[in-house]
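*Asks:* So TrEMBL lists the following for this protein:
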BINDING   Lys34  ATP binding site
COMPBIAS  308-318  compositional bias 'Low complexity'
COMPBIAS  350-362  compositional bias 'Low complexity'
COMPBIAS  374-386  compositional bias 'Basic and acidic residues'
DOMAIN    4-260  domain 'Protein kinase'
REGION    292-420  region 'Disordered'
Amino acid sequence: MHKYKRVRQIGKGAFGAAVLVCDVKRPKDQYVVKHVDVSRMKPDDREAAMKEVRLLASFQHPHIIQYRDSFVEGGTLHIVMDYAECGDVHGLLKARGGELLPEEQVLEYFVQLCLAMEHVHSKRVLHRDLKPQNLFLTNHKRTLKLGDFGIARTLASSMELAQTTCGTPYYMSPEICENKPYDAKSDVWSMGCLLYELASLKCPFDASNMMSLVKKIMRGWYPPLPAPCSAGLSNLVESCLNKRHTARPSAKELLAVPLLRPIVERYTAEMHPAPSEPSPSAKQEAPLLLSRASSGLPPPTSSPSPASPDARARLSPLPDKPSPPPAAPPPPLAAELKPEAKSPPPPPLASAAAGHEGAARPARPRRLPQLDQGRPRAPREAREARGGAPPTPPADGRRHTPPALPTQPPFERLGGDGGAALQRRQRALLDAREDLVRQRRVEEGRLRRLRA
């Protein structure tokens, strides 16, 4: 800690504290040092602390708190990170005094959160503790940065599911409440809760006890957003707070939502600025310099005029490079040595003849099918597959044409809103099935307790 000077303590946890420090050589550079006492930790807790260090070091993103350094002194692990001088989102919402944030600012914060979570999920990492206290603000409260990966989980693959229960209860997903395996879509549920809270200054799921809170989360009941919020924002919250985790969008899919796309493009351009356009003179000189560097020849004194193919053919070789001797004529073929020995012409290829229109093809005798009363004879298996004997031809001898099948999609045949109605009915059936399964589990647990 000799490189840093303590300023003040800004937080305290179960195994240590967070202290604001400044660089001794550059006092204006401020950082947060997280002190973690690893001497009295269990092996699992010590490994969790080291895992947080490795995770922080692996993230390089403008919307994630930047890791700077880590070292151990006297049984204490010190993690040096960037300092968010504007506090966190929890303090911002608390200071509003009930005044709603503008929807443009809500979407700005949510896009920055989506960009950070898309980067985290691309590394197969789950945050598992998204809440307003872990969203930090910098740059006059215009920039949001994700932090506190203390209980993050790294998955071996993008399809693996985690099975531990952790995180803040108000932002837990239904699959965590049911103690089921979960994946990155559980973080998306927490992102939907944060979006709702940014827009309404309230948690979507709130209750006086844990059992009531879990019941609300399991049923997906939450009050509608306030009136100033647009329908697009309400639909975005609804898509993230879908009870079925497979129906929720990923962080990458959220960035493609039309409501967020203009903001995403602006932040993406700031994260990956386009290279500066070279001047016209540089564009003209670049190919010439590249050709000189590749050939190693001195630059020409004047630009030569283009020569025609005949003129290039009449050019003499360079004086310092002798012309190669004429090539020896190829040996005579066997057909030239023995004119009487003629090989038969190769048979024509069927694919080549079929690929060229107008190509002459040898006439072949066609084998006509044996007729039986004016109709080709069909095997018994084909008749059975068609459902019996073949239909009787019409008396006038004309071919029977079956009626054309309707080409209209099934949803369109149902009416203007048929597809949406069918989807709502399927969703209602799935919800009813889930409720029945849940009630059955409750009844089975009650019977087991009575028998015990």
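Keep in mind that glycine also has a Cβ here, set from the backbone N, Cα and C atoms.
Automatic prediction, not curation, is the source of TrEMBL annotations.
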*Asks:* Measure the Cβ-based neighbour count of Lys34 (ATP binding site), defined as the other Cβ atoms within 10 Å of its Cβ.
*Replies:* 23
*Asks:* Could you pull the average pLDDT for the domain 'Protein kinase' (4-260)?
*Replies:* 87
*Asks:* Translate the DSSP assignment of the residue listed as 'ATP binding site' into the three-state scheme.
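*Replies:* Once the DSSP labels are grouped into three classes, the residue listed as 'ATP binding site' ends up as strand.
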